[in-house]
Amino acid sequence: MKVLKKATLKVRDRFRTKAERDILASIRHPFIVHMHYAFQTAGKLYIIMDFLRGGDLFTRLSNEVMFTEQDVQFYLAELCLALEHVHSLGVIYRDLKPENILLHDSGHIALTDFGLCKEYTETAEGKTYSFCGTVEYMAPEVVNRKGHDQSADWWSFGVLMYEMLTGELPFTSDNRKTTMQMILKARLSMPQFLSPQAQSLLRKLFKRVPTARLDSPAPPPTAGHIDMFQHFSYVSPSVLTDESRKAVAKPLRADLHPKVKRTPIILEYEIKEDILGAGTFSVCKRGVHKATGKEFAIKIIDKLKRNPEDEIDILFRYGGHPNILTLYEVFDEGNSCYLVTELLRGGELLDRILEHGRLSEQEAQPIIRLLIEVIDYLHSQNVVHRDLKPSNILYADPSHTPESIRIADFGFAKQLTAENGMLMTPCYTANFVAPEVLKKQGYDKACDMWSVGVLLYITLAGFPPFASAPTDTSEDILKRITVGAAPFGHPVWHAVSDSAKELIQGMLHTDPERRITAHQALLHPWLRERPSTAPAGQMDEKLSPTHVAQMKATVEAMFTAKDTPSPVSLAPISESTLAKRRKHLPALPKLDEME
């Protein structure tokens with residue numbers, strides 16, 4: 001655990017600590033130290049990383065003076081892969097030395113201490129001009145401050161290689177200024193006991209002109225990158241950690257959208273720790289654009305769990321609608337995908353409903369009408385949302401006007417492509433899905449209208465139709481959905497108009513072919529005519545905080561019902577469909593009858 005006292009940190013050290021934390025958070029590599037967690041108290045900063053029992057390379061080198069070429073090949077091969085990964089993220093390491101290379105008890109390395117790292121871009125020649133690092137390991141372009149890029153790390157790589165092979169530094173003096181002059185002008189003394197291959201590699205690394213130096217094999221590769229690996233063609237599988245053996249997600253389609261970027265998001269955005277929302281496949285955090293200071297919501301999707309291409313495509317195509325979440329740009333990084341969207345500051349529709357206990361028909365009608373208009377627009381484009389629920393309907397600002405409503409989270413959305421317009425993928429949120437989805441039958445645009453019917457029910461009643469308490473079992477909830485009859489027996493429904501209840505029944509019809517469509521719903525009298533004034537007593541009191549918490553738990557029970565698998569009912573094999581079908585097949589002739 002790395003502990004830093006805030007009071008003793010200089011301003012530049014604070015920036016470096018923050019940069020180190022951001023870079024470590026974005027890196028997952030078998031030969032780079034893994035940061036598990038970072039947090040702060042009033043007076044201190046804490047970074048929790050892997051504990052490596054093997055010490056560091058400097059200590060081992062001090063004890064053994066120099067290594068065999070075979071050992072050096074082993075260390076350099078792993079270090080080369082670590083640097084390649086760092087450079088692929090748009091980062092210059094800038095402090096390569098034995099003290100910053102830790103050793104596992106198994107002997108494998110882990111690069112650490114990213115405090116001097118620098119993010120670089122392709123603009124302005126992709127260079128940085130800071131003078132930092134340990135002098136003996138600095139590249140000439142760092143010493144003369146003419147600007148350096150990732151090539152400077154490969155000079156340091158050569159210094160480290162030379163030191164491990166000979167036990168001495170290539171350019172060193174008691175005087176710091178003299179050391180710097182040697183780096184700029186002195187002739188390299190090449191020990192003749194080194195193999196020709198080692199000498200060749202050192203000469204290619206110790207090129208004072210960065211463009212002539214053997215560079216990183218990260219794309220785009222240099223012409224001489226094969227020379228660097230001619231002696232490191234094999235890495236034992238035992239080198240790779242369990243994490244590195246995990247599947248690697250495919251990059252997003254190249255033709256998906258021009259605003260899909262392959263560069264690290266940390267180059268343009270600072271991702272804050274506060275979580276705005278979390279789902280099964282993603283987490284949403286607040287982000288700040290570094291250049292403008294504007295705040296956005298950043299949805300981080302695990303591509304190993306879900307392919308986000310449909311969601312990205314739909315949001316870019318239809319996000320221009322005023323009531324659909326706006327997607328600005330996407331960053332595709334390894335196993336993660338970052339969606340930069342507008343930041344919705346008004347909270348969820350569910351919180352708004354429960355804050356008032358329930359909404360009157362006058363308040364509910366413009367909300368539901370707007371939602372159905374958006375759904376009608378999506379359906380006209382052959383897009384289905386498939387996961388409409390209160391937590392996916394938010395307000396853009398605290399005004400809570402119907403115009404500020406946004407439909408978000410298109411993670412389950414689909415663009416219909418089949419000739420019959422049917423979708424066959426059974427993904428859903430329990431109690432906000434149509435019965436035919438639960439029965440794993442094909443479903444189409446009617447499933448969205450089912451969800452809106454449930455939303456209207458909750459809006460007017462203040463509680464869901466198919467769950468009465470947080471303790472309701474998933475099996476009971478799913479059974480009530482399948483039955484499909486909307487319960488109107490509660491006293492709260494006595495004050496609700498018959499027109500509203502008729503619309504709810506039409507949207508909750510168990511037969512998708514008979515369920516009201518979005519276009520038909522917009523023609524319904526309850527949505528076309530302004531509801532009459534609410535009878536006295538309909539909104540006579542708000543829910544207490546205890547009741548609000550209980551109601552939220554009940555709604556949450558509905559959402560999580562799908563996560564609990566229904567018990568499998570076993571029956572004799574003779575009762576199976578296949579067995580029954582076989583009973584009706586004509587009997588095959590016996591062998592003696594065939595002769």
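Every residue gets a Cβ built from N, Cα and C, even glycine.
Just so you know, TrEMBL annotations never went through curation; they're auto-generated.
Listed in TrEMBL:
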type	residues	note
ACT_SITE	D95	active site, proton acceptor
ACT_SITE	D387	active site, proton acceptor
BINDING	K2, L276, G277, A278, G279, T280, F281, S282, V283, C284, K299	ATP binding site
DOMAIN	1-228	domain 'Protein kinase'
DOMAIN	270-527	domain 'Protein kinase'
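In the three-state DSSP classification, K2 (ATP binding site) falls within a strand. Following the DSSP three-state reduction, the secondary structure of G277 (ATP binding site) is strand.
When Cβ neighbours within 10 Å are tallied across all protein chains shown, the highest count among the binding-site residues K2, K299 belongs to K299.
Within the model, the domain 'Protein kinase' (270-527) carries an average pLDDT of 86.
Taking the C-alpha positions, the distance from D387 (active site, proton acceptor) to F281 (ATP binding site) comes to 14 Å. As a whole number, the greatest separation of Cα atoms within the ATP-binding residue list K2, L276, G277, A278, G279, T280, F281, S282, V283, C284, K299 is 32 Å.
Calculated from their C-alpha atoms, the gap between K2 (ATP binding site) and D95 (active site, proton acceptor) amounts to 18 Å.
K299 (ATP binding site) sits 33 Å from D95 (active site, proton acceptor), taking the C-alpha atoms as the reference points.
The two recorded residues, G279 (ATP binding site) and D95 (active site, proton acceptor), show a Cα separation of 39 Å. Cβ contacts within 10 Å of F281 (ATP binding site), excluding its own Cβ and spanning all protein chains shown: 17. Nearest Cα neighbour of D95 (active site, proton acceptor) among the listed binding-site residues (G277, F281, V283): V283.
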